[in-house]
């Protein structure tokens, strides 16, 4: 101990021995680690003298601990004797304080009472994290001191040195949505990177993570690599989904009201409960500190106040703050609290409502009249919402600094709480304070909310804030709430029926908030215009997955894909037309139709099962991501996400009361979950020996049973807690109870023949609404059986070349939904045996379908990672026809003619302007693989898989020619400009030039592999036209079409030639290949004049500009390169920095390219369609089709109309908005 400190102790020894009670002080000194248990026992008999004697033999830390103990036990006069001789804080203590300050750990509050037993329990749990990552949960009711306790627990040199040498990092969380959580983690990552850079200047700061997943990975890297063995403190966690963002295998201390939150994360876990109230002595100590007195000298009313409020820290603090200004009001405040007995409140807070009511009333009375009015304005705040001073600056029309002064007064009087971990500070009221204000101002609530709206409108008359800061987020989140509460119906509708508001809010907050607004305020909006409300909600529901993308898509372009009758489309068209006058590029989808009601992407991976809850409000889904997710059926907002199994989750099912969810998996386990809390209730891990394919609860509540079925050879189906059902000798794919939970039936017995085969092939079964029939998927078809007669009533065979994956009967009609591997869902009427609808929209295999309990909705889930929700009535009336991608288009004086095969293998010719079918052939005997339109006559050609070519007259359908000769699939066909000749190429490696009216044919032979395409080559206007063909054999061949003579045979590439384009003047042609190169060739010398390298994948497409100066090439990674034809230099790379969710720059391969006539715009197709500024290499516009994998696009000569078909058969005719 320093000499000055020792001398001071000796001089003050007599005063200290007379007044102190050693037992009070020793508790504090033991918690500080100054005294041991043995030393306490030796001192206890001799008390103060022995304590001082021992203290004189210890170090500076003991002196400081003794001084702090005197302060805490209200021996302020004795502590003042020692104050001037306090030794300097040790270097170790200074270091620890620096670590805590750097990590954002809050300072000890001015009025503080030690809780050593609790603190030691927390430290004990933290020591368990020394060797491995894990979680320590400090839980208790609101206001019980959890945050102070957490901060105090880490103020320990030994703890930090031994367990957390990497530091302590504090993050205040609270109630957050997904976007707010991202901002918090971004801030934490920035702080950690900044601190790391200060220690190691060679490390660099990264850009803020753009998504929650990326933020989680960034935080994982920082905590494991740069801050190993550090402690992350998460203060005030409310939601398990938020906590999962921090499940990164690090050491975490969290404070929360919900004890069960840590159940959702992995790793070792321990917990410490915080009592809801302080001990009486501790509460009295707080009151004494507020009034600068000693607990023993407080009036008798103090003890009564503590007992009346049951030691509630919040109420004690409120009263203490009041007493600091009016220390003679003990009796008054006690009387105020006693006006009503405490009663339990069933809200987020566990404080006694009436007591706080009265404390609030007493608190507000001491405010000035001006401040009292402003405090009443806070009635409009939502619970658990923190607001920045800027929001109240708008409300009160004051400078932010003036607002902060007012709020500071409220904070000082414990009327308001401040979150100091934000800059600027955030302010909030306790739930019960808000309850009190709402009750007190019940009659004036509407006018208070009106004031908020009017002040906002005055401040932001030129448009909403777009800064993205806390104030901006508040207005976007709560402006509609204030309008609704103010009963400003017209203004609410005007705002929410505005595409500008939708665009800005979606960009800042994401689509889920918007969809929730339309659901929450739907009743108000419907009074004004229910149709428009539905249109906006439908637009957001269908495009929500697009609005989550970054960079943010053009909302006006997305809205142009809405039906012409939609208000969303009308506003988008007006904006597009206005922007087009300023050079903007927008496309109007004139042939659109969209039937999905909601599209949700809940998982990163295939979705194998999805189901409605029995009340229809929730949807659960699961799949290859091993997770279970629950979301709202109206908006797609996530309600619950659980890492459910160790392998793929194959099925999920709600219990009849929707309280439980069952899941089964390839890991051979069946689990039952509590839906509300997201906790695991039970695991069945020994019942099955192989993967569990399906699970289903009973339909009624008479007796809750769970049936499961698996790949087990001899114990295939189990009814949990009941029995095992034997009989199947092969894997069982599906099980379900009848509507009334009657005994099971053996479906295979109903098949009249080939029973041995059907046992293997039955994929699923479903009961009709009345329970009189069973519908089964088997033999790649759907069968309907009469239960009583045990006889087959109907067999449904789809016309698709695909597998039936699943079926489900509508509970309110005769419809049955069928899921198909060919990306679609079909609806059939089992009474009429007719197909009623074809729900196209998925981009991959559809694994499951289910109707909602009332039959109004239908969901489907797919390998494309989406769940789609359809309105049964709307899809019920839709056309069940879709087109194939191999098409041809004729543009003629403003008319558009489209020819393509449909999904029933018929040739269709459509009017592109009206969508009307001009001609439809009969079903062809063999699959149609290519089509062509003759520009000179009313004829269309088609090539089939069996090698046959047909030429038909339109619209009569008369067969003009049937051309036989190819021995394998015809891959491409094309009429020459004059219309007399039809050229075809085939998998049989030949090209045939037909005089199609006479059947004469010239065969061009020489390629060694299939010929997918060809082009006409004319070097000068007067020269003869030759044919240029290319093949997977890596060669280009030039032919004389009249004689069939091979004029040139060029070995161009080491890999397959994938595309070829001839320059407008015919002097050059370009080739691209799977060898990742492109080449430019001379038509005069037949030599390669340019080798273009740089692509990292197969070069799939190429196109010369109309002036012949540029060549565009596109590859399978979605990259587009622009080249100078003259010298072969690279001019631009398009899309380099904008990879999408499919890990491609273009949503897939770049399959087609076109330049505008003025060479300023480049059009490209892949997973979607993009228009590029040629000079800058920047995207001008993007059109997202419903499907994907566009093969080619047809462009009108004036570059104003674009026609293509996606992989699910939707026709897109896009017209440039003028």
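Using N, Cα and C of the backbone, Cβ positions are placed for all residues, glycine too.
Just so you know, TrEMBL annotations never went through curation; they're auto-generated.
Copied from TrEMBL, the annotated features are:
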| type | residues | note |
| --- | --- | --- |
| DOMAIN | 1-85 | domain 'CARD' |
| REPEAT | 642-683 | repeat 'WD' |
| REPEAT | 839-880 | repeat 'WD' |
| REPEAT | 963-1004 | repeat 'WD' |
| REPEAT | 1004-1049 | repeat 'WD' |
| REPEAT | 1050-1091 | repeat 'WD' |
| REPEAT | 1092-1133 | repeat 'WD' |
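Away from its own ends, the repeat 'WD' (839-880) comes close to residues 541, 545, 593-612, 614-616, 619, 621, 623, 633, 805-813, 815, 817-821, 823-827, 1186-1188, 1207-1210 of its chain (Cβ-Cβ under 8 Å, at least six residues beyond either end).
With a cut-off of 8 Å between Cβ atoms, the residues of this chain six or more beyond the repeat 'WD' (1092-1133) that come close are 1055, 1058-1065, 1067-1068, 1070-1074, 1076-1080, 1139, 1144-1155, 1157-1159, 1162, 1164, 1166-1167, 1172, 1174, 1176-1177. Proximity of distant same-chain residues to the repeat 'WD' (1050-1091), defined by a Cβ-Cβ separation under 8 Å and at least 6 residues beyond the stretch ends, is recorded for 1009, 1013, 1015-1020, 1028, 1030-1038, 1097-1104, 1106-1108, 1111, 1113, 1115, 1123, 1125, 1128. Secondary structure counts, DSSP: the domain 'CARD' (1-85) has 63 helix, 0 strand, 22 coil. Broken down by DSSP into helix, strand and coil, the repeat 'WD' (642-683) contains 0 helix, 24 strand, 18 coil.
For the repeat 'WD' (1004-1049), DSSP puts the residue distribution at 0 helix, 20 strand, 26 coil. Within the repeat 'WD' (1050-1091), the DSSP-based counts of helix, strand and coil residues read 0 helix, 23 strand, 19 coil.
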